[in-house]
Amino acid sequence: MFACRLPLWRFSATCKLRQSGHFVPWDSCQMLTIKGINTTVGQEQQAGLKGKQVLEDLEMHLARSETEALFHEQPETGNPYLEDTFLRGYLKTHLPPKVLEEVHQDLERFGSHLHSKIQPLSRECELNPPVFRQYDAWGRRVDHIHTCSAWRRMKEISAEEGLIAEAYERRYSNWSRLYQAVKLYLFSSSSGGFNCPLAMTDGAAKVIESLGIPGSLKNAFDRLTTRDPQQFWTSGQWMTERRGGSDVANGTETVARKQPDGSYRLYGFKWFTSAADSDMTLTLARIVDAEGQCTQGSRGLSLFFLRVRDEEGKLNNIQVQRLKDKLGTRQMATAELWLQGARAELISAEGRGVAAISNMLNITRIHNVIGAVASMRRMMSLSRDYARKRVAFGKLLKDHPLHMQTIARMEVQVRGAFLLLMEIVHLLGLAETNLASEQEQLLLRLLVPVAKLYTGKQASAVAVEAMESFGGQGYMEDTGLPVIVRDTLVLSIWEGTTNILSLDVLRSLIKSQGQVVAVFLSTVQKKLELASGTEELSPAVQQTREAIGRLQQFLAGAGSEQALTMELAARDFSYSLARIYTGRATAGTQNQGMVWHSPSLSPCRWCNQELCPVAAESARGSYGAGAALQDSALVLGSSRL
């Protein structure tokens, strides 16, 4: 190797004698030692071939040195709580002073712990996904799902930090649920996928609490909500079967046979069971009557509690068929399970399983929103830091106006989604402490599916756009960015796809006989009234009011149409509710003193988009019977070969 780099022209200078005056260049007369070869003008021919090879080697070395010296600055983040000024501004504006003081101290400590200790564990979980071992060395079936030490440590941290307990201890009354949501929001993108088991654990605890915590479930509830890592349980949620999907009423084949002691034995195949390494689960099954018959449809479904393993650690008459090979969330074990007489306890009224588990679905859908907002914030934080470091075309990315415009547009989406999340968990906190009015309970019922479906779509779009902001590096697996994108894509699928939840929104309208829409419109208009006195908000207020007017016109026209119209409009209708309500929330934050820092991030930016797409599409004739036929012809006709 060379101790220093010498310019290539020093080695490639000609050694020919000039014909006039026999002038010899200075470089050729020097004694040059390269890899032990001594070269003078008189020895040129003998050393010619060797010298040529030396020069080629030198050029290759220099080329490699230059290449190896090029690198990109790695984006880095610090304490996620301290860096999230929008979060801190929200808490300062909304929490009572005493609550804020205690919460701020804990979140600052937790943020530091996330940065220094938990984030490295997250990467370990991503690099060491669960492994399924069906047989031991002697041929005995063991069905063991091995998880890495980092994953098991995440479970301990979840208990120690009270990530479930906080919501049920209610130290801060109706603010406890919001505080829990903030901790989960900070934890989610550093959890290595453990946020998913926590969602189902929270949901199971909510179901048991809603049943009055019967004596037989007291131990389970205490373990789900404890802060003791040695006692803490996580829960699964086993509903999807071979027919798959959200149609549990027609897709559930698992049956329950009552035993003489009053317990039940479950028989069936659970096709998709997330967090298969959990300690317990809630699941649906059909009870077999004395004649061996089962009631079909949703009326035949009952809710059961079961332990996954007994006290000795043996599976509860459960066989693991395989682990799912998923696109993302590979850190978490998702399995296909055979129930072959699994002992279970009936915990709902017979035939009321769907109603009983609805509390679990509400909680898991809210967790889905938390995960969506958290993944967007994580990608934005990394993208912002990269813009401060990466030089392209002679200047930092942050000095390229188009690049910053793209990031600003994403930032508006993240802030809007965050505010929608905070609205929901605030309403949930009121409901859980019996402080919510009837109108607020109706609003919560409407906003949960709306927020889940909309933020799931937002998260996918923002994650992909943010990945692009890193250029080719965003596509490199070892940067960790593709993991975030893959894990984000499930958010529009898990706990109900966009279309399924859009239809759920319509059901809430029908069930309340339109009352929920009236509450929605009244709530938005009241908030706009408060914001209308602020001059800089007047464009946003005006745009939101116009969107409300168009929404009302659509509803008035759709009321006389057939059901097909509302079904075709369901997705756009849900998007309209999400955008209008978020517009109301963004205007409210500015009016309450929260700072958006720049005009490009003002509430007006959110309201510049189409707030009521359902009205726009209706005007184009997208929802009539003719449109449905055209859609079918377009899709099905294109498949004819």
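Note that Cβ sites are derived from N, Cα and C of the backbone, with glycine treated the same way.
Taken from TrEMBL, the feature domain 'Adaptive response protein AidB N-terminal' covers 78-209.
The domain 'Acyl-CoA oxidase/dehydrogenase middle' feature in TrEMBL is assigned to 237-340. Residues of the domain 'Acyl-CoA oxidase/dehydrogenase middle' (237-340) grouped by DSSP class, helix first, strand second and coil last, total 7 helix, 47 strand, 50 coil.
Confidence for the domain 'Acyl-CoA dehydrogenase/oxidase C-terminal' (351-509), expressed as mean pLDDT, is 96. Marked as domain 'Acyl-CoA dehydrogenase/oxidase C-terminal' by TrEMBL: 351-509.
The residues of the domain 'Acyl-CoA dehydrogenase 11-like C-terminal' (515-635), classed with DSSP into helix (H, G, I), strand (E, B) and coil, number 96 helix, 0 strand, 25 coil. Here TrEMBL flags 515-635 as domain 'Acyl-CoA dehydrogenase 11-like C-terminal'.
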